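Below: one structure, written as C-alpha cells.
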Amino acid sequence: MRRRRYLRDRAEAAAAAAAGGGEGLQRSRDWLYESYYCMSQQHPLIVFLLLIVMGACLALLAVFFALGLEVEDHVAFLITVPTALAIFFAIFILVCIESVFKKLLRVFSLVIWICLVAMGYLFMCFGGTVSAWDQVSFFLFIIFVVYTMLPFNMRDAIIASVLTSSSHTIVLSVYLSATPGAKEHLFWQILANVIIFICGNLAGAYHKHLMELALQQTYRDTCNCIKSRIKLEFEKRQQERLLLSLLPAHIAMEMKAEIIQRLQGPKAGQMENTNNFHNLYVKRHTNVSILYADIVGFTRLASDCSPGELVHMLNELFGKFDQIAKENECMRIKILGDCYYCVSGLPISLPNHAKNCVKMGLDMCEAIKKVRDATGVDINMRVGVHSGNVLCGVIGLQKWQYDVWSHDVTLANHMEAGGVPGRVHISSVTLEHLNGAYKVEEGDGEIRDPYLKQHLVKTYFVINPKGERRSPQHLFRPRHTLDGAKMRASVRMTRYLESWGAAKPFAHLHHRDSMTTENGKISTTDVPMGQHNFQNRTLRTKSQKKRFEEELNERMIQAIDGINAQKQWLKSEDIQRISLFFYNKNIEKEYRATALPAFKYYVTCACLIFLCIFIVQILVLPKTSILGFSFGAAFLSLIFILFVCFAGQLLQCSKKASASLLWLLKSSGIIANRPWPRISLTIVTTAIILTMAVFNMFFLSNSEETTLPTANASNANVSVPDNQTAILHARNLFFLPYFIYSCILGLISCSVFLRVNYELKMLIMMVALVGYNIILLHTHAHVLDAYSQVLFQRPGIWKDLKTMGSVSLSIFFITLLVLGRQSEYYCRLDFLWKNKFKKEREEIETMENLNRVLLENVLPAHVAEHFLARSLKNEELYHQSYDCVCVMFASIPDFKEFYTESDVNKEGLECLRLLNEIIADFDDLLSKPKFSGVEKIKTIGSTYMAATGLSAVPSQEHAQEPERQYMHIGTMVEFAYALVGKLDAINKHSFNDFKLRVGINHGPVIAGVIGAQKPQYDIWGNTVNVASRMDSTGVLDKIQVTEETSLILQTLGYTCTCRGIINVKGKGDLKTYFVNTEMSRSLSQSNLAS
C-alpha cells in the first residue's frame, strides 16, 4: 500500500514539477516526512494510548469488584466503563490496520478525544455529589495526551486542550455557583484548577514541540545516513571501476588494501612493517602469448595533426584495439606512443593463448585496412607474436602501469620490429602452440632484425584465412573522392574514426560531492559511446537526479518500515528490545557521554511546573509558616540550580564578570558536557519537586484530622449537630485532592528531562509512585477516607479520593513511562544514525581519497582535477598542447645484462625486486618540494620517463620572464642528477655498478589521455622522439642534450660540452652536448643547502 501511495505521489510530483519547477520533488519529500512522522511517532503512541486506556478501564472494573461496591449504586459507572472499553477496543483493531489508520488518522484522533471527554463528564455527573475538584486529574490526563499521544498537529492540539480545560472550568463554575453551600471556596478551587490545566497545557506543548524537533532531526540524520550510504556504494563502485580500469583484478585488490591502510594510518595493536624493501606486486605466469603491434606511417600522419585530432585518433584506434583484445581474450598491457602490446593467458591460463593473439593480430590488420581503404591514408599495422613466460605486475610508487617483463617479452618486441606491414609475424614457439590452426609461410625475420639473427629465432608469417595475401604494391589503394581530395589526411582519419565511437577515458567519473547536494547526481550507467551535446547531457543529468531521488525515497521507505511501532519491541541488530541499551558497549558509553546543551531548559521547565504546584497550594492550603519556609527553601535551591545551569550564558553576556565567578562558568560547561553532574542535578531537582508536592500534607493540624468522623453520616452514635460540625470541618479540607494533583504534576516534571537516562527517570518516578501510594493508602488513608465518606454517601472509584488518587497516579506513571521510553528510543536511534553517518562519512572520505590517489597515479594532478571537476567536460577527450616542455629519458642499460632467469633468482623475480627498489627510490624524489614540477610519465623496462613544464597553463608560458620560462629545464637536469645519486646509493647497498644514461630535450609537445579500458596519460611529438634518441645514443653516466637545450642550460648557469655530430635514427645528423657533471652537482648541493 505504501509503495502504491508513493508511486502515486511521485506521479503527481512529476506533473507538478513539469508545471512549477521543483515543487513535485518537494511534495514527494513532504509526503515522505509525513509518512515517517506518522509511522514512527503517531502510530506507536496512539496504539500505546489505546492500550493504556483499555488497561485503565479493566483496572477500574477490577478495583470496583475488589472493593465490593454495590452494583445497584453504580449502574452508570458499570455502563460507562465497559462501553468505553468496547469502543476503544474497536478503534484499536482499526488502528492496527495501517492503511485504515493513515486514511482515518484525524477521525481516530477526534473520536478518541471525544470519548475521553465524554467519559470524564459521565464520571463527574453520575458518581454522586459534584465538587470543584471533580475529575481534574482525568481532564489533566486528556489535556496531556492530546499533546503527547494523539496525532494532532500543534494548532489542533492547542484547540482541543483549551476546549477540554475551559469546558471543565465553565461547567463546574456554572453548576457549583448555582448549588447551595458550594460557593465558600469555589473561586480558589476553580483558579487552582485553571493553574493545573495551564501547567498541563504548557508541559504537553513543551513535550510535543521537543519531540517533533527531535523527530525532524532523526529524519534528517536518517536521510543523511542513507544519502551517505548511497554515495559510499557509488564511491566504491567508482573506485572499483577506476582501479580495474588501471590494473587487472588479481593485483588491484591487493594494492587497494595497502592504499586504504596507508590512508587510514596505523591502527592500535597493528605491527609496523619492518621490511626494508618496498612491496613488490609482480607474479610469474607461464604459457602466455605476447603481441606487439606498431602503426606504420602514424608518425608522418601525426605531424599533420592538431592536438585534438591526434588524441582523438589515438583514442579511437586504441579503443578499437581494446575492443578486439576483449573479443579475443587478450589483456592490453601498455601503449607506447603508437605501439600497442597485449598478452593472452593472463591472469588465468588459457590453452588457446597463441590462437587468441594471432587472431587479434589479424583483426587489427583488418581494422587498419578498412581505415586505409576508406580514407586513403597510408597507414598499416606491423604485428609480432611470441609465446613463453612472463613476469607481470606493477613496479614503483607512482604512475602505476601494469607491465610485463621477461626475455620472451623482449623477443616479442623484436618480432614486431622484424616484421612486415600488414602481416602477423610469429615465432616458431607460437607456431607450435597454434597446432595447425593457421597456414604460415617463412618469415625470414633474422634478415630484418639483428636480435632475431643473434638468437637464431625461426619466424613465420601467418596467412590470413579471410583472403589471399596481397602483394605489397597492392596493399595501398587509396579511395579518392572529391571531398577527400580537398581534406587533410588527419581530418579524413578523424571523421572516419568518429564512426567507431570508442569510449572516453574516465567517462564514468563525476564530481565527488555530486550525491550530497540537493541537486545531486548519481551515475550507475555504462560509459557513454560518443559525443553528446549540452542538451543531451542536461537531460541525462535530470534523469540521474530523478534516479537518485527515487533510490533515496525507496530506502527511506525501508527505514520507516524499520522503525515502525512494532519494530522497537522486536529484536534489533543494534538496540536491546527491553532495556534499549546498545549491544555495542563502546557506542553505549559514547551515548551516555554525549553533551546535552539543552539540559538547562529541562531544568527551567521543571521549575515552571514547581511554580505551578506552589501557586496551586498557596491558593488552597491554609497559610502556615511551614508552608512558607518549605517552599522558600525549595525556591532558593531551584534558583541556585538554574543559576548554575545558565551561568555560562549570563557571564558571557556580562562584560564585568568577576574572576571569582569563573568557577560558575566552568560548572555550567561541566553540567552540559558530562553525564554525572547532569544525573545529580536531575535527581536533586525532581526530588525537591516531588517532595514539595506532598510535604505540607504531613503538617495538617491535629484538629483538622481528629474532628473528622470515622464513619458515614448515618452513624447512630453521632448526633446531628456533631455531624453538621464534621461536615463543615470536611468542607474545610477541600484542599486534600490538590495534593494528589500536585503529585501528578510532580511526576510530569520528571518527564520533561527528555534526553536524560530513561532508567533514571523510571527509577525516580517508581520511587515517587510507591511513596505517594504509601501516603494515600496507608499514612493518610484515614483522612482521605473520612473526607470522602463525609461528602458522599456511597462514593464510587472516581469520587473516593484514596482510590482516585492511586489509580490516577498509576495511569500517569504508565503514560509517562511509555512516553519516556518512546523518547529514549528515538534519541538512541538518532544517535545511532549520526554514529553510522559519521563512520560512513569517514569511509566515503577514504574512498574519495583512494579515487584521487588512483587517479593521480595515472594522471598529473592538474589533469586529475579536470576529470574530478564539476563541469561535464569529463565526457570529452582531454588534450593540451604546450610550447615548451622538457622531456627526460633515463635508462639503466646494464640492467638488461643483470636480468637473468634462473632458479636462483626465481626466474627473474629477484632481479625485478631490485628494479622495483630503484624505481621506487626514483619516485620518492618526486615528493620533494624542489621537484614538485617534475611529472613522471611512465617506465619502459628499466627506462624512466619524466617531463617538466606540464603543470604550467599553456597561455601563461609566454607571459613569464625568459629566465623563469626555462627554469623547469634546469629542474629536470637537477632531477636527473638526483636520480644518479639515488642509483649510486642503491649500488652501494646492493653491491652493483649500475650507471644511468640520460637524454634530455625540450620543445613543443601534445599531452592527452587515451584509452577507456586502461586510461593512460601520455605526451607525443618530435620533442619526445628526440629526447628518447638522446638517451638511446647517449653515454653511460652522462646527460646528452640537443644543441637548442644546451643553449638554454648555459643561460641558466650550466656548462655543456659539445659531443659533436651524431647520426640519430629518423632525424639524420644532430649536434649534441653533454651537461657538465661537476657543475650540475655543485648547483644541486647549493640548492639543497639553501
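The backbone N, Cα and C atoms fix where each Cβ goes, glycine too.
What you are looking at is a predicted structure, and each value in this text was computed from that prediction instead of being measured.
For 1-44 (among others), the entry in Swiss-Prot reads topological domain 'Cytoplasmic', with the evidence type sequence analysis.
With a threshold of 8 Å between CB atoms, the same-chain residues lying at least 6 positions outside the transmembrane segment (45-65) that come near it are 74, 77-78, 81-82, 84-85, 88-89, 91-92, 95-96, 101, 108-109, 112, 116, 145, 148-151, 565, 796-797, 803, 807, 810-811, 814-815, 818-819, 822. Sequence annotations record features per position, and here Swiss-Prot assigns transmembrane segment to 45-65 (among others).
Residues of the same chain lying 6 or more positions beyond the ends of the transmembrane segment (75-95) and with a Cβ under 8 Å from any Cβ of it are 43, 46-47, 50-51, 53-54, 57-58, 60-61, 64, 101, 104, 108, 111-112, 115, 119, 122-123, 126-127, 796-798. Summarising the annotation, Swiss-Prot assigns transmembrane segment to 75-95 (among others).
Taken from Swiss-Prot, the feature transmembrane segment covers 107-127 (among others), and the record attributes it to sequence analysis.
The transmembrane segment annotation in Swiss-Prot covers 132-152 (among others), and the record cites sequence analysis as its basis. Beyond its flanks by at least six residues, the transmembrane segment (132-152) meets 38, 42-43, 45-46, 48-49, 105-106, 108-109, 112-113, 116-117, 119-121, 123-124, 160-161, 164-165, 168, 172, 176, 182, 185-186, 189-190, 193, 196-197, 200-201, 203-205, 207-208, 211, 734, 737-738, 740-741, 744, 748, 798-799, 804-805, 808, 811-812, 815, 819 of its own chain at Cβ-Cβ distances under 8 Å.
Marked as transmembrane segment by Swiss-Prot: 157-177 (among others). Nonlocal intrachain contacts for the transmembrane segment (157-177), taken as residues 6+ away from its ends with a CB within less than 8 angstroms of a stretch CB, comprise 113, 117, 120-121, 130-132, 134-136, 139, 142-143, 146-147, 150, 183, 186, 190, 193-194, 197-198, 200-201, 204-205, 208.
As annotated by Swiss-Prot, transmembrane segment applies to 186-206 (among others).
Per-residue confidence over the topological domain 'Cytoplasmic' (207-600) averages out at a pLDDT of 75. Among the features that Swiss-Prot reports, topological domain 'Cytoplasmic' is placed at 207-600 (among others), with the record citing sequence analysis.
For the recorded site, ASP294 (Mg(2+) 1 binding site), the DSSP three-state label reads strand. Here Swiss-Prot flags ASP294, ASP338 as Mg(2+) 1 binding site, drawing on sequence analysis.
The 10 Å shell around the Cβ of ILE295 (Mg(2+) 2 binding site) contains 25 further Cβ atoms across the protein chains shown. Swiss-Prot lists ASP294, ILE295, ASP338 with the feature Mg(2+) 2 binding site.
According to Swiss-Prot, the ATP binding site annotation covers 294-299, 336-338, ARG382, LYS938, 1018-1020, 1025-1029, LYS1065, on the basis of similarity to another entry. Packing around ARG1029 (ATP binding site) is summarised by its Cβ count: 23 other Cβ atoms lie within 10 angstroms of its Cβ, all protein chains included.
Per Swiss-Prot, phosphoserine is recorded for SER490 (among others), and the stated evidence type is similarity to another entry.
Taken from Swiss-Prot, the feature phosphoserine applies to SER543 (among others).
Taken from Swiss-Prot, the feature transmembrane segment applies to 601-621 (among others), supported by sequence analysis.
The transmembrane segment feature in Swiss-Prot is assigned to 626-646 (among others); the stated evidence is sequence analysis.
Beyond the ends of the transmembrane segment (679-699), by six or more residues, the same chain brings 599, 602-603, 606-607, 609-610, 613-614, 617, 621, 624, 626-627, 630-631, 634, 637-638, 641, 644-645, 671, 739, 742-743, 745-747, 749-750, 753, 756-757, 760-761, 764, 768, 771-772, 775, 780 to within a C-beta distance below 8 angstroms of the stretch. Among the features that Swiss-Prot reports, transmembrane segment is placed at 679-699 (among others), with the record citing sequence analysis.
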- line: The rounded CA-CA distance in Å from VAL1026 (ATP binding site) to ASP338 (Mg(2+) 1 binding site) is 15
Statement: Neighbouring CB atoms within 10 angstroms of the CB of VAL1026 (ATP binding site), all protein chains considered, total 24
Message: Restricting to CB pairs under 8 Å, which listed stretch, 107-127, 186-206, 734-754, 800-820, is in contact most with the transmembrane segment (601-621)?
response: 734-754
- line: LEU336 (ATP binding site), DSSP three-state class -> strand
- line: Sequence-ordered list of residues in the chain of ASP338 (Mg(2+) 1 binding site) that lie 6 or more positions away and have a Cβ within less than 8 Å of its Cβ, or none, is ASP294, ILE295, PHE298, THR299, ALA302, LEU314
- request: Using Cβ-Cβ distances, find the residues under 8 Å from GLY297 (ATP binding site) that belong to the same chain and are at least 6 apart in sequence, listing them in sequence order.
  value: VAL377, ASP378, ILE379, ASN380
Field: Close approaches to the transmembrane segment (763-783) from elsewhere in its chain (Cβ under 8 angstroms; 6 or more beyond its ends)
entry: 682-683, 686-687, 690, 694, 697, 700, 705, 708, 710, 733, 736, 740, 743, 746-747, 750, 801-802, 805-806, 809-810, 813, 816-817
Field: Under 8 Å by Cβ from LEU336 (ATP binding site), same chain, sequence gap 6 or more
entry: ILE940
- request: Specify all same-chain residues, apart from the site residues ASP294, ILE295, ASP338, whose Cβ lies within 8 angstroms of the center of the Cβ atoms of the Mg(2+) 2 site, ordered by sequence.
  value: ALA293, VAL296, PHE298, GLY337, CYS339, TYR340, MET381, ARG382
